[in-house]
């Protein structure tokens, strides 16, 4: 089973990736892990990627695609793989088609965990932190037991990280939507796209994913 897992920030992609990895004998390949492994191993492509990252520059597609091909060529992907964070552009998606064809490991499905952006703003911008001890809360999913009082230290002062403020969250989602939409269209035209309702209980989301994978595996 060869998959791509997609979803906007806050959609629960990380949680579902862990469940898929625990349930199916496939390699979970995240972009970050892939780059770190290549750099740690000191491969030619890993060194090239490091030279760009150290300068604060984007790693060019030629290098990224090469690292992806090296990773997918490893034996732990023979039983299947799940890509997480790649591809990010149509050019990368087209390169991936060539890579998987060369390796005879074609994609079986692209699973997109779909949650309305307004719901994601609530999920992502609801986090706040105790100034005294650093305990983390969420206004909807994990509020303090007593409003305005930290459960851990009894403090009454809280703050919100800049990354968690609604305006920042909305901008991050906008950027991701603009990036993901062409990819979703690309894979829909290929007949590979499966959309899961991410606005429900974690177990129900995973049940939908399992049903898709069972149907694809037939």
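Every residue, even glycine, has its Cβ placed from backbone N, Cα and C.
Annotated range for region 'LID' in Swiss-Prot, selecting from 126-164, 165-203: 126-164.
Swiss-Prot assigns the feature region 'NMP' to residues 30-59, out of the candidate ranges 30-59, 60-89. Per-residue confidence over the region 'LID' (126-164) averages out at a pLDDT of 95.
Under a cutoff of 8 A between CB atoms, and with a sequence separation of 6+ in the same chain, residue 57 (AMP binding site) has no neighbours. With a cut-off of 8 Å between CB atoms and residues at least 6 apart in sequence, the same chain places 113, 115, 198, 202, 205 near residue 12 (ATP binding site), listed in sequence order.
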